[in-house]
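A short worksheet on the structure shown next.
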Amino acid sequence: MQEVQHAHGAGDVPTSIPPPHYATPPTNYRLDDLSSEGKKSDPELMMPVDKTATVQEGSEKFHRLGWKQLTVCLIVEAIALGSLSIPSAFATLGMVPGTILCVGLGLVAIYTSYVVGQVKMRYPHVNHYSDAVALIWGRFGKELTGVMFALFLILLVGSHALTGTIAFINIIGDYATCALVWSVVSLVILLVLALPPTFHDFAFLGYIDFVSIIAAILITIIATGVQAHNAPGGLSAVDWSAWPQPGTTFYQAFLATTNIIFAYSFAVCQFSFMSEMHTPKDYVKSIWALGLIEIFIYTLTGALCYAFIGQSVKSPALLSAGSTVSRIAFGIALPVIFISGSINGTVVCRYMMDRFFPDSPIRFVKDVRGWTVWVGLISLVTVIGWIIAEAIPFFNALLGLISSLFISGFTFYWPALFWFQLVKEGKWNASAKNISLSILNAIVLVIGMVVLGAGTYASVEDIITQYNSGDVRGAFTCKASAYA
């Protein structure tokens with residue numbers, strides 16, 4: 001708690017940045033890797049002009065993203081139906097700690113994303129998170145982070161497939177139909193929506209996504225507020241608490257905290273998005289816009305739903321809005337479920353294209369070969385995510401464990417290490433600014449280590465609890481009630 005409150009004072013994050021000061025690259029940094037125009041060693045640069053033109057046109061195709069579209073892409077990646085799980089976190093933590101964590105962790109996330117952007121500005125040819133880690137940890141760091149990056153995003157695709165299945169079952173209310181039918185429908189929707197090859201092309205879906213989640217949240221808040229007002233005793237009878245309930249264990253409290261932490265994990269895809277910007281320095285506007293929007297939505301949603309529902313709030317909170325309203329809210333939330341899920345597939349496939357075809361125009365998806373490879377990768381990633389989600393009975397708890405292991409790095413300790421090793425100018429005590437930023441980044445590093453350790457412990461305890469209580473469904477089950 002103290003660390004979060006200290007991070008709240010990180011409001012000195014500048015709203016604009018001066019022309020980038022390019023730090024001396026590490027010895028393993030390849031200055032000849034002109035990834036935006038094809039590498040200098042690319043065979044196509046040695047071929048006739050029409051081939052070179054194809055590469056140049058492909059490069060231009062992937063540099064059309066403005067800061068507003070970057071904000072939209074970050075919103076799609078960051079704000080999903082999970083925002084309606086925040087009220088249940090408030091029920092565990094209490095109103096005061098829940099509010100402090102929502103605001104404090106939001107400010108920390110803004111700062112760490114600012115640092116991520118600074119790394120991209122100083123090392124323009126960093127296209128994905130693993131490229132940045134390679135600057136400080138070498139080839140081992142690149143490969144390790146690449147696997148973590150791909151695995152985490154693929155699991156998120158699977159998570160949204162499960163959420164889509166749950167949504168369809170609740171909307172239709174038909175428990176006789178095999179749940180795998182809705183699961184396959186979710187798989188197909190996720191696959192189709194992930195097909196746009198550039199984030200500029202994907203951005204238009206983001207506006208639909210944002211309207212969808214805002215509408216679902218408003219419906220939930222209004223419906224639960226009306227229910228509380230009409231209940232005996234009115235709003236004053238709701239059993240919400242300012243502090244954690246007596247008997248709340250450490251594992252329960254930290255599991256609730258991780259729900260808030262994971263809601264701010266937008267830095268994981270930031271390098272990938274920024275690589276398509278036509279004016280990368282504008283990223284600061286995007287992270288401030290997204291961060292403040294998230295803080296507002298999460299804090300308001302968590303506080304109001306908890307105040308209207310009390311300790312009995314469900315996750316997601318729209319399940320507490322009554323049968324009819326829940327079905328309506330799930331229906332309106334369908335776009336955000338599938339659009340926010342599909343962008344994870346798009347990001348991981350862009351990463352794969354850049355890794356597998358660095359010297360080929362195939363990665364620009366401009367011809368039959370490019371589209372064939374792209375559609376094949378999207379299909380493979382989506383199907384793998386779906387299979388994992390259906391095959392593992394405790395998938396959501398497993399995703400919580402993976403998130404603790406990975407998000408602690410993507411959002412906290414790697415940005416802190418980036419600052420110390422790639423961004424910091426001079427010694428840590430060379431100036432008042434360096435001293436204050438060194439302390440801030442040290443705190444962020446500690447937060448990352450705490451999330452890694454305590455979050456992993458809480459997630460393992462959650463898996464054990466689910467097994468002991470019999471709340472684990474079967475693999476590839478047809479039983480619709482297992483998803484309700």
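Cβ coordinates come from backbone N, Cα and C, glycine included.
The feature region 'Disordered' is assigned by TrEMBL to 1-45.
What TrEMBL lists as compositional bias 'Basic and acidic residues' is 30-43.
Under the heading domain 'Amino acid transporter transmembrane', TrEMBL lists 64-459.
With a cut-off of 8 Å between Cβ atoms, the residues of this chain six or more beyond the transmembrane segment (70-90) that come close are 98-99, 102, 160, 163, 199, 202-203, 205-207, 209-210, 213, 216-217, 220, 256-257, 259-260, 262-266, 268-270, 273-274, 277, 282-283, 285-287, 289-290, 293-294, 297-298, 301-303, 305-306, 309, 313-318, 333, 336-337, 339-341, 343-344, 347. Among the features that TrEMBL reports, transmembrane segment is placed at 70-90 (among others).
Annotated transmembrane segment per TrEMBL: 96-116 (among others), in sequence order.
For 149-173 (among others), the entry in TrEMBL reads transmembrane segment. Long-range contacts of the transmembrane segment (149-173) within the same chain: residues 80-81, 128-130, 179, 182-183, 185-187, 189-190, 268-269, 319, 326-327, 330-331, 333-334, 337-338, 340-342, 344-345, 347-348, 351-352, 381-382, 384-390, 395-396, 398-399, 402-403, 406-407, 410, 480, 483-484, each at least 6 residues beyond the stretch ends and with a Cβ under 8 Å from a Cβ of the stretch.
Counting same-chain residues at least six beyond the ends of the transmembrane segment (179-195), those with a Cβ under 8 angstroms from any Cβ of the stretch are 157, 160-165, 168-169, 172, 205, 338-339, 341-343, 345-346, 349, 374-375, 378-379, 381-383, 385-386, 390, 476-480, 482-483. Taken from TrEMBL, the feature transmembrane segment covers 179-195 (among others).
For 207-229 (among others), the entry in TrEMBL reads transmembrane segment.
Taken from TrEMBL, the feature transmembrane segment applies to 249-274 (among others).
Residues 13, 15, 67-68, 70-71, 74-75, 78-79, 83-84, 86-87, 89-91, 95, 98-99, 102-103, 106-107, 109-110, 113-114, 117, 214, 217, 220-221, 224-225, 227-228, 235, 238, 240, 260, 263-264, 266, 270, 317, 320 of the same chain, all 6+ positions outside the transmembrane segment (286-309), place their C-beta atoms under 8 angstroms from a C-beta of that stretch. The transmembrane segment annotation in TrEMBL covers 286-309 (among others).
Away from its own ends, the transmembrane segment (329-349) comes close to residues 73, 76-77, 79-81, 149-150, 153-154, 156-157, 159-161, 163-164, 167, 170-171, 186, 189-194, 196-197, 199, 202, 205-206, 208-213, 215-216, 219-220, 223, 269, 272-273, 318, 321, 374, 377-378, 381-382, 385 of its chain (Cβ-Cβ under 8 Å, at least six residues beyond either end). Annotation source TrEMBL lists transmembrane segment at 329-349 (among others).
Long-range Cβ contacts of the transmembrane segment (370-388) within its own chain (Cβ-Cβ under 8 Å, at least 6 residues beyond either end) map to 154-159, 161, 183, 186-187, 190-191, 194-195, 197, 345-346, 348-349, 352-353, 357, 361-364, 395. Under the heading transmembrane segment, TrEMBL lists 370-388 (among others).
Annotated transmembrane segment per TrEMBL: 394-414 (among others), in sequence order.
The transmembrane segment annotation in TrEMBL covers 435-458 (among others).
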Spatial neighbours of the transmembrane segment (249-274) far in sequence, C-beta under 8 Å, 6+ residues away: 65, 70, 73-74, 77-79, 82-83, 85-86, 88-89, 91-93, 98, 101-102, 105-106, 108-109, 112-113, 116-117, 119-120, 126-129, 131-132, 149, 152-153, 199, 280, 283, 287, 290, 294, 298, 343-344, 347, 350-351, 400, 403-404, 406-407, 410-411, 415, 451, 454-455, 457-459, 461-462
